[in-house]
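Features as listed in Swiss-Prot:
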| type | residues | note |
| --- | --- | --- |
| TRANSMEM | 20-42 | transmembrane segment |
| TRANSMEM | 61-81 | transmembrane segment |
| TRANSMEM | 93-113 | transmembrane segment |
| TRANSMEM | 114-134 | transmembrane segment |
| TRANSMEM | 148-168 | transmembrane segment |
| TRANSMEM | 195-215 | transmembrane segment |
| TRANSMEM | 225-245 | transmembrane segment |
| TRANSMEM | 258-278 | transmembrane segment |
| TRANSMEM | 285-304 | transmembrane segment |
| TRANSMEM | 309-331 | transmembrane segment |
| TRANSMEM | 351-371 | transmembrane segment |
| TRANSMEM | 394-414 | transmembrane segment |
Amino acid sequence: MLKVLIPTIMLFPTIWLTPPKWLWSTTTAHGLLIALISLTWLKWSSEVGSATSSLYLASDPLSTPLLGLTCWLLPLMVLASQNHITPEPIIRQRLYITLLASLQTFLIMAFGATEIIMFYIMFEATLIPTLIIITRWGNQTERLNAGTYFLFYTLAGSLPLLVALLLLQQTNGTLSLLILQHSQPLALTSWGHKIWWAGCLIAFLVKMPLYGVHLWLPKAHVEAPVAGSMVLAAVLLKLGGYGMMRMMVVLDPLSKELAYPFIILALWGIIMTGSICLRQTDLKSLIAYSSVSHMGLVAGGILIQTPWGFTGAIILMIAHGLVSSALFCLANTAYERTHSRTMILARGLQMIFPLTAVWWFIANLANLALPPLPNLMGELMIITTLFNWSPLTIILTGTGTLITAGYSLYLFLMSQRGPTPKHIVGLPPFHTREHLLMALHLIPVLLLMTKPEIMWGWCY
């Protein structure tokens with residue numbers, strides 16, 4: 001654990017002491033080195049139950065893929081932000097990268113934590129840098145509104161979790177995951193226990209987000225700068241799914257009956273948010289709603305609590321993290337050139353930027369879960385689990401996949417195909433930096449296709 005945590009903490013003096021000329025290249029290189037070191041975790045993830053580096057930080061097959069994703073994302077965020085942060089004063093540039101690095105530190109400690117209370121503190125700590133990034137570097141004035149939504153939804157959701165954890169500590173005497181998974185199941189019988197069960201899960205369902213408590217997500221995504229959107233889509237939503245998987249161990253006997261309404265909401269959310277996507281005009285908003293739809297599938301897979309459901313959920317979380325982050329980067333490159341997020345105003349970009357159209361195409365196909373890609377693997381596993389649990393769910397999940405394919409192709413056709421409007425003739429060309437950024441997002445997705453067992457979680 002420390003082989004990644006210490007270099008990440010060493011990023012802070014690097015950011016503040018590097019000469020302005022070398023700031024971006026140094027931090028990107030440093031971030032990529034950390035990302036490469038973090039890949040060594042994947043090697044051991046499947047053989048051992050829990051590779052413990054200390055009593056408080058450990059990595060097991062469930063957290064390892066998410067830790068790798070977190071480390072992989074920092075250099076990509078730095079690469080993506082370079083264009084629109086460079087004109088600002090050097091102090092602000094340093095502060096921006098510091099916030100991104102602090103976010104990575106908190107996330108590594110959240111995914112590696114063995115104590116649930118440590119996980120909770122880090123889960124909450126990620127809120128602060130994200131909030132500053134959205135409200136300080138967002139594009140429109142609505143960013144303050146988005147920040148308020150984000151703050152209040154997350155805080156209101158996670159306060160019951162704190163109370164629930166303190167109660168669990170009181171009854172069990174420990175909050176260590178290493179001990180809790182071997183302790184006796186709790187005899188949860190009364191109404192109070194049912195409220196406690198809901199308190200444990202509601203924070204994660206708001207973070208996922210479950211349909212119904214998802215309103216903060218489109219706002220936060222649309223108003224955040226590109227790095228904010230990337231880290232929000234790729235890792236912060238996955239904190240919710242990861243936390244649910246960890247807590248399910250403790251909540252066992254009650255989940256059988258109480259999970260029903262949440263599964264129904266998640267499945268209904270797949271259809272509803274997909275339908276909203278079909279009517280979107282705003283590029284980033286469409287990608288944000290598609291995230292809600294995918295995470296609904298993940299929530300359903302986790303709440304059913306079968307090995308296949310868990311495996312499908314973690315595969316879909318990793319694949320969706322890379323793909324939605326790539327889509328946000330592409331949306332940002334289009335926004336930086338045309339200064340508009342409305343899809344109708346920027347059509348026919350394939351004629352001007354053919355290689356970028358290829359990146360759009362791959363990202364959209366991955367988003368709609370094209371066969372050999374890991375997205376399909378995760379979705380199929382979850383859909384199979386849901387079908388096994390109740391055959392009627394195939395109506396909802398089947399319609400959901402159909403709508404997903406519909407809006408993904410709609411997004412591609414609207415932004416890339418069609419006649420090029422007269423007002424977009426003199427656009428600056430794409431940089432190698434942007435092509436590298438897209439390659440670093442999409443090549444891992446294609447490579448995971450060849451060895452999916454590194455992200456199968458416990459079930460391998």
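Glycine too: its Cβ is placed from the backbone N, Cα and C atoms.
Just so it is clear, the model here is predicted, and its values are computed rather than measured.
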- Contacting positions for the transmembrane segment (351-371) when only residues 6+ beyond its ends and CB under 8 Å are counted: 290, 319, 323-324, 326-327, 330, 333, 379, 401, 404-405, 408-409, 411-412, 415-416, 420, 424, 427, 429-430, 434-435, 438, 441-442, 445
- Query: Are there 3 or more C-beta pairs under 8 Å linking the transmembrane segment (258-278) with the transmembrane segment (225-245), counting only pairs at least 6 apart in sequence?
  - Reply: no
- So which of 114-134, 148-168, 195-215, 258-278, 394-414 has the most C-beta pairs under 8 Å when paired with the transmembrane segment (285-304)? 258-278
- Message: Could you check whether the transmembrane segment (61-81) packs against the transmembrane segment (309-331) - three or more CB pairs closer than 8 Å, residues at least 6 apart in sequence?
- Response: yes
- Query: Can you name the far-off residues of the same chain, 6+ from the ends of the transmembrane segment (195-215), with a Cβ under 8 Å from a Cβ of it?
  - Reply: 123, 149, 153-154, 156-158, 160-161, 163-165, 167-168, 188, 236-237, 239-241, 243-244, 247, 250-251, 254-255, 258, 262, 265-266, 268-270, 272-273, 292, 295-296, 298-299
- Spatial neighbours of the transmembrane segment (93-113) not adjacent in sequence (6+ beyond its ends, CB under 8 Å) are 1, 4-5, 8-9, 11-12, 15-16, 20, 23-24, 27, 56-59, 63, 66-67, 70-71, 73-74, 77-78, 81, 85-86, 119, 122-123, 125-126, 129-130, 132-133, 137, 227, 231, 235, 239, 242
- the transmembrane segment (394-414) and the transmembrane segment (258-278) contact flag, 3+ Cβ pairs under 8 angstroms: yes
- What parts of the chain pack near the transmembrane segment (309-331), using Cβ distances under 8 Å and only residues at least 6 beyond its ends? 62, 65-66, 69, 73, 76, 80, 221, 226, 229-230, 233-235, 237-238, 241-242, 245, 283-284, 287, 290-291, 294-295, 297-298, 300-303, 341, 356, 359-360, 363-364, 366-367, 373-375, 377-382, 384-386, 434, 437-438, 441-442, 444-445, 448, 452, 455-459
